[in-house]
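Record features (TrEMBL):
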type	residues	note
TRANSMEM	96-115	transmembrane segment
DOMAIN	101-527	domain 'Major facilitator superfamily (MFS) profile'
TRANSMEM	135-154	transmembrane segment
TRANSMEM	166-185	transmembrane segment
TRANSMEM	191-214	transmembrane segment
TRANSMEM	226-247	transmembrane segment
TRANSMEM	259-277	transmembrane segment
TRANSMEM	325-348	transmembrane segment
TRANSMEM	368-387	transmembrane segment
TRANSMEM	408-427	transmembrane segment
TRANSMEM	433-456	transmembrane segment
TRANSMEM	505-522	transmembrane segment
Amino acid sequence: MADFPGSPVSHGSPDCFVLRSLEDVQEPIDFRLSKASRPSAEQLDQNLSLQLGDFVHDDGHHQKDYKEKQPPVEPEIIYIEFKEGDKRNPVYYPDLTKWMITLVGSAFTMIAGSTSSSYNIGFPSMMKDLNCTEFQATLGLSVYAFGFGVVPLFSSAFSEEVGRRPLYICSLIGFILMHLMVALSKNIQTVIVARLFAGGFGSTGAVMVGGTIADMWRPHERSLPMAIYSLLGIGGTGLGPAITGWIEMNARLQWRWIQWIHMMVLGVELLLVIIVMKETRSTIILTRLARKLRKETGDLRYRARAEDERGSLRTLIYISCTRPLYLLITEPTVLSFSIWLGFAWGILFGMIESNGPIFKDIHGFNQGQMGLTFLGMIVGSFIGFFTNFYQERLYRKNFPTRGPEARLYAACGMGIVFPMGMFIYAWSAVPQVPWIALTIGMTIFTSAIFTLYLVAFTYLSDCYGPFASSASAGQSLARYTFATAFPLFSKQMFAALTYKWGNTLFALAAVMMIPIPFNVRIKLSLSTLRKESTAARPYARAQPKINKPNCSASSTAKSPVMFRSALRSSSSTFARFLSNNGRAQLQKAVTSSPVVLFMKGTPEMPQCGFSRASVQILDLHAVPKEKMTTFDVLEDQQLRTDIKEFSYRDWPTIPQLYVDGEFVGGCDILIGMHQSGELATLLESKNVISKTTTTAAEAAAS
């Protein structure tokens with residue numbers, strides 16, 4: 001034992017343990033240990049016995065296999081992901097399902113908008129019934145807007161934990177209960193409290209519709225769903241008073257029945273949500289699938305990435321509250337659009353509060369007739385809705401060269417239309433001008449507000465990528481802060497300045513904001529603001545520098561292949577080493593599908609502007625999903641290096657596009673081919689797309 005301290009113990013005598021233990025502590029391993037601090041012999045005997053107990057058997061005292069003493073190896077985690085075309089992925093839901101979910105969610109937004117504007121129609125009977133002042137009744141309108149803006153900062157974090165569908169259901173139930181509370185109120189204080197919570201419950205569902213649309217529809221597909229969502233949201237604000245004005249005129253119904261009828265409509269909406277609405281947040285679906293696999297197989301390795309990456313609920317609430325404020329304060333783009341839209345929303349809510357008195361005091365309208373004047377908002381919403389189609393056409397045409405700023409053309413035009421409508425509305429608020437002029441002015445500036453809102457929402461989504469929800473939440477907070485304040489002082493302002501000059505003051509302020517979209521479009525098209533933004537820079541599309549060949553425009557148009565060849569020849573031609581095995585694997589990859597794209601990220605979440613632009617160009621040409629394969633080079637650094645070496649003589653950057661096994665080019669080449677029509681011709685010649693698809697793509701590029 002003493003000669004071979006590491007050998008197996010051959011005797012079970014306790015004396016052996018004692019001697020062995022004393023030998024170990026003659027010279028302590030750590031010289032800082034004093035003799036007084038060294039363990040006693042009894043402690044050493046006990047510890048050594050425990051250590052040797054694993055090696056010694058009572059029956060034979062033989063040594064166990066060394067491998068059994070290795071620390072247990074942590075099982076490798078298996079992250080589950082959706083396969084391409086997986087119907088459980090919301091992106092691949094059937095179109096009918098997508099549209100049903102979109103319409104049911106948008107209907108929630110319409111009811112929330114109707115609730116905000118219908119409330120003030122019942123002021124006369126409410127003030128008489130509850131013995132309150134008009135200012136106290138107006139507080140119910142303002143606190144509704146306050147709840148609409150603030151509560152989503154807290155509630156949005158819950159969608160990370162429970163998903164969207166449960167929040168829709170809970171929000172609707174709470175919304176219904178708050179309407180019940182208003183309908184049964186015996187004093188104005190109860191009404192104000194109920195309206196505050198009604199705004200919170202209504203906003204949680206209504207604001208979440210935008211996220212639901214983003215979950216299901218790809219970026220180039222969101223234009224129409226977002227336009228319908230905005231149409232029903234703003235149109236509902238005009239539809240509610242048009243109906244409830246006549247309810248207020250009925251002495252047996254009046255303001256309480258405005259709440260009861262909204263409750264009935266919300267009950268129908270709740271049933272539709274329960275029947276139609278499916279979970280659309282992919283991280284929640286994957287988390288549920290992982291839990292199901294662990295339960296069915298007993299294998300704890302199955303996990304969803306969101307389970308490991310998601311923070312605690314407290315952290316999520318903290319982020320959802322602070323990040324929108326941070327972006328609102330530090331990002332010039334978010335701040336400028338927030339001030340602009342906030343002012344527009346303040347005017348909208350101020351108009352909701354003052355529109356009725358204008359028509360009543362100047363033209364002698366009754367409550368039913370005053371409600372019908374809000375139909376101008378519906379007409380304006382439809383004008384903005386159809387304007388969006390023209391904006392989308394401009395976006396598809398100019399996105400390859402302008403990037404996200406291609407969404408701002410309509411905003412530039414409507415920025416001028418907005419004060420024009422305000423001036424018409426202001427200068428028509430006199431008895432000498434027919435009432436229809438007021439409605440025309442309302443229609444014009446409502447169409448402008450609709451377009452500005454839709455453009456701002458989609459533009460911020462394009463610029464800020466994963467931070468788009470926070471950017472939009474900051475903008476929404478600013479909008480409803482203005483909407484909370486304007487009704488509180490607009491009546492006093494109109495009393496002091498008259499309706500004509502009060503609205504003229506608003507119109508002059510709108511004139512001062514005309515430069516905002518022009519300024520943003522010009523500056524951001526040069527990337528000057530985005531380079532300073534830590535949130536937008538990685539996700540907004542950078543402007544590529546296209547090194548055009550030294551040839552005339554006419555020769556490029558006649559022979560588009562020359563454009564591609566000249567760009568290729570401008571690249572360096574230094575050879576790099578790539579093993580034969582690696583080259584064979586890459587050759588197999590580029591021929592695995594008619595269209596192969598090596599990119600940063602995935603088509604659903606590109607991680608660089610050039611990859612985003614390449615995906616959108618292919619989407620414009622309607623390349624079928626089954627004929628296209630993408631490889632995320634960020635997942636495999638070796639792939640990222642090898643593919644550059646594989647095509648180094650052609651294009652040593654990412655993304656890279658291959659069609660029918662032939663290298664086509666990177667983002668710059670795709671832009672040139674898209675604009676010249678060569679890409680459509682190539683895809684058609686390789687039978688990737690049909691002639692009808694090509695014609696549509698050519699129309700978008702022309």
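The backbone N, Cα and C atoms fix where each Cβ goes, glycine too.
Predicted, not measured: the structure shown is a model, and the values here were computed from it.
With pairs at least 6 apart in sequence, the transmembrane segment (166-185) and the transmembrane segment (226-247) have fewer than 3 Cβ pairs within the 8 Å limit; the two do not touch. Among 135-154, 166-185, 259-277, 408-427, 505-522, 408-427 has the largest number of CB pairs under 8 A with the transmembrane segment (433-456). By the count of Cβ pairs under 8 Å, the stretch nearest in packing to the transmembrane segment (96-115) among 135-154, 191-214, 259-277 is 191-214.
Residues 100-101, 104-105, 107-108, 111, 114-115, 118, 165, 168-169, 172-173, 175-176, 179-180, 182-183, 244, 247 of the same chain sit 6 or more residues outside the transmembrane segment (259-277) yet have a Cβ under 8 Å from a Cβ within it.
Below 8 angstroms of C-beta separation, residues 112, 115-116, 119-120, 123, 126-127, 188, 191-192, 195-204, 206-208, 317, 320-321, 324, 349, 352-353, 473, 476-481, 483-485, 487-488, 491 of the same chain, each at least six residues beyond the ends of the transmembrane segment (135-154), sit close to that stretch.
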